[in-house]
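I have placed the structure first, in the form of structure tokens, so that the comments after it can refer back to it.
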Amino acid sequence: MANRWSRQRWSLGEVKKMDRAHPASAILFGTRQSLTKDSGEGGAASYGVPRRRLTGHSHFVQDVVLSSDSQFALSGSWDGDLRLWDLNTGATTRRFMGHTKDVLSVAFSVDNRQIVSASRDRTIKLWNTLGDCKYTIQDTDAHTGWVSCVRFSPDAFQPTIVSGSWDRTVKVWNLTNCKLRSTLSGHAAYVNTVAVSPDGSLCASGGKDGVVLLWDLTEGKRLYSLDAGSIVHSLCFSPNRYWLCAATQDSVKIWDLESKSAVQDLKPESTTATKNQMLYCTSLTWSADGSTLFTGNTDGAIRVWEVRC
């Protein structure tokens, strides 16, 4: 499994919960009908204070991502729409309409020029940033269940879209013509999430069956599995270590993919307000430099973890 990404591994560090993020960090998260931008600029006094609220959706915000230059945000909602937001003004610059049911997942291409969305209507749509739908995947090769997650591969030599569905499959699509390249089968229950490695060579998928499957995207074959122990809600690869992180019903698990062993099992501390409810992580993402892990939890809090080498 030698590739550009694995040859740039860093030494194993220690993951600890910290009180504040790095000064340049920014977080964007969805609430019932709005988005909130949270910035660490200004140090400890201002960390954790919402800097801007983006309103416009008429139902739950299911997914939100930042453009690579952090100037724009893209959101998908149960109202069936996508919205492109200017983070400097807080205004909606484009509204993407076309899905007939809830939008479950959205993503920017690496160059921020294309957008992909997945929906409970079982379709995948490819858009430009002007709001024009360029292609809808809904042919005989399309998913037969809700499309729960969709991602672009960063590989410029083989540009692809990867999708996961409640039909228990992961599908890989050719970005140039939106035709199916491969169907990856192996999950025993619905798929909640997919993630693509920083070099585009690997895909990870997880869901209801509590198993994370690793796939070779170039050859379209299964490599191995990791036991997550409970439902997997979200996955992400570290940008600079050969690590995979999973948000599960029990904890946040971090695996070293070279040894296929768990290196950390992070569990949020319950508070008085959460002691009577099930507390777990539903979403997670790394900072661009791989030094900080952000986790979103069912108590409405964002927890920040630091990697210390």
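For all residues, glycine too, the Cβ spot is worked out from N, Cα and C.
As recorded in TrEMBL:
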- 54-95: repeat 'WD' (REPEAT)
- 96-128: repeat 'WD' (REPEAT)
- 140-183: repeat 'WD' (REPEAT)
- 184-225: repeat 'WD' (REPEAT)
- 282-309: repeat 'WD' (REPEAT)
Six or more residues out from either end of the repeat 'WD' (96-128), which same-chain residues have a Cβ under 8 Å from its Cβ atoms?
59, 62-69, 72, 74-84, 134-138, 142-152, 154, 156, 161, 163, 165, 173, 175, 178
Please work out the helix, strand and coil residue numbers for the repeat 'WD' (140-183) from the DSSP assignment.
0 helix, 22 strand, 22 coil
Counting each residue once, how many in the repeat 'WD' (184-225) are helix, strand and coil under DSSP?
0 helix, 25 strand, 17 coil
